[in-house]
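Annotation comment: Swiss-Prot describes 1-164 as region 'Membrane-binding', evidence class sequence analysis. The region 'RNP-binding' annotation in Swiss-Prot covers 165-252 and rests on sequence analysis. The motif 'Nuclear localization signal' annotation in Swiss-Prot covers 101-105, and the record cites sequence analysis as its basis.
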Amino acid sequence: MSLLTEVETYVLSIVPSGPLKAEIAQRLEDVFAGKNTDLEALMEWLKTRPILSPLTKGILGFVFTLTVPSERGLQRRRFVQNALNGNGDPNNMDKAVKLYKKLKREITFHGAKEVALSYSTGALASCMGLIYNRMGTVTTEVAFGLVCATCEQIADSQHTSHRQMVTTTNPLIRHENRMVLASTTAKAMEQMAGSSEQAANAMEVASQARQMVQAMRTIGTHPSSSAGLKDDLLENLQAYQKRMGVQMRRFK
């Protein structure tokens, strides 16, 4: 796996699924391929994206700044600086300075990532802030190691939270989670269906599923009534894709 592929993988792991994630993936690919060289326009686009947390925007802004060649005097962006200040906690800043001194001695991506993983997310963000604000310099490879360590920590906590939700025994949360998944699956089906005649059936199924979820939420239903809803939808989607000659390996 190349370095840039690894960076893209880690960064995308902290972006919530949805159309925006696909857009960000495309932007990252373009940047890494040297196709997008307008850093200012890229940062303006990033700043106005909805849904993303300030820290995720800060990390993406840091990655874009590291990768896109820019004029020396280009202004640093406030939204990135604010996201990478470790919540203004002096403790984070002290640790960030210690980490920075260690990173200065590293020359490889993996070495830097290994060192960084033993620090808290706040300290890692502050250290990125130091580098972003030109208070310190490290090689691009080392900076990417720092980015990936931060993303790994964030993804770990997101995974833990997700696992807790999936394994919860609370029937109301499970019920709502199944309805949300069914609704987003239906939306994906509608987007993938396109406008061909064969798509009409898939569109109909998706539309019915969304109406059903809406009705279930409106009138309030027994928590077990949503069981199997998403799986039924996926079966329909796979059948439709088979007819269209599209092989879908795994969607669940």
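Just so you know, the numbers here start at 1 and follow the chain as drawn.
A Cβ is built for glycine as well, from the same backbone N, Cα and C atoms used for every other residue.
Worth saying up front: this structure is predicted, and the values here are computed from it rather than measured.
Secondary structure of the motif 'Nuclear localization signal' (101-105) per DSSP, as helix, strand and coil residue counts: 4 helix, 0 strand, 1 coil. Per-residue pLDDT, averaged over the region 'RNP-binding' (165-252), rounds to 67.
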